[in-house]
Amino acid sequence: MKINVNVMWDFRELMACNGRAARIWSSVVIYSNLELVMLLEWWSGTECTLFSDEATVKTFGKEHVIIILNHNFEIDFLCGWTMTERFGVLGSSKVLAKRELLYVPLIGWTWYFLEIVFCKRKWEEDRDTVIEGLKRLSDYPEYMWFLLYCEGTRFTETKHRISMEVAESKGLPKLKYHLLPRTKGFTTAVQCLRGTVSAVYDVTLNFRGNKNPSLLGILYGKKYEADMCVRRFPLEDIPQDEKEAANWLHKLYQEKDALQEMYNQEGIFPGKQFKPPRRPWTLLNFLFWATVLLSPLFTFGFGVFASGSPLLILAFLGLVGAASFGVRRLIGVTEIEKGSSYGNQEFKKKE
């Protein structure tokens, strides 16, 4: 199914002009994200533990920030959403995302109206789009968390091997647990949002027991234990010069690699442990929509089959099939083995 992006753009502009409609639509979008967070928090019971310091934790949800998260796991985005929800900034969380996600049921369609910045991962084509999207966020009225996956794609052994070949050719230290970070998105975000964001949060995620969780596992109710090491860097500590800022990012990833090595050896990140309590809103949101939507749906389905009309029954089954396909498509884009080939060759190209 293809989406007419121009039509979506016109619709988003129309929504922006109508404050009440925009607020209503934003609420619908946030509720859909809450459904996925509910699956992690309440259905699977996955635990999320932060490793940081008290001063950093006290700033959560109280300032504009750029977040850098490693991209090694299928549900890393969902762990991030959980933290934003617990600190009350899920609705104002943004991300620099690949454009392919725009066509994914639920996530892509709703992200578009949340002012998510989409890119094709080709800087020559993305430059103007990314800068325009970042400028729209420069005067965002609520505290905003802007997420960057600086590696550009999920970690696989093939992508890692190619990435380290590039690191060697550029004289950069090799990384064991990460791909070489792409610097353009980071340096551009820092330049465009300087004066808006207060800090950069570096987040390094891992799972206890050397587990590799999946969204399908969450749907099956599997429980995981996520550990997230969070470090805060004031934005004024990041160089304004683009080349120096890029070097700062490479050094950061060397530190992230050391943190992952420590975790693999000791099973723990440095810092004090914090377990932000899960809030009831995700569960209440699910129960509300289940009551409002599922009860009439079951009643309608029963009526369709009771009618004995082959046409109505086929139409209803087609609707159910389309919904199932949409859910499977959503799961598919999170699966690492079905991920894009981006990074298998692109690392060999000049940034």
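A Cβ is built for glycine as well, from the same backbone N, Cα and C atoms used for every other residue.
Keep in mind that TrEMBL annotations are predicted by a computer and have not been checked by a curator.
Since we're looking at a predicted model, the values are computed, not measured.
These features come from TrEMBL:
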DOMAIN    65-187  domain 'Phospholipid/glycerol acyltransferase'
TRANSMEM  21-43  transmembrane segment
TRANSMEM  101-119  transmembrane segment
TRANSMEM  282-305  transmembrane segment
TRANSMEM  311-331  transmembrane segment
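Nonlocal intrachain contacts for the transmembrane segment (282-305), taken as residues 6+ away from its ends with a CB within less than 8 angstroms of a stretch CB, comprise 31, 34-35, 37-38, 41-42, 85, 312-313, 315-316. If you average pLDDT over the domain 'Phospholipid/glycerol acyltransferase' (65-187) in this model, you get 85. Broken down with DSSP, the domain 'Phospholipid/glycerol acyltransferase' (65-187) shows 58 helix, 18 strand, 47 coil.
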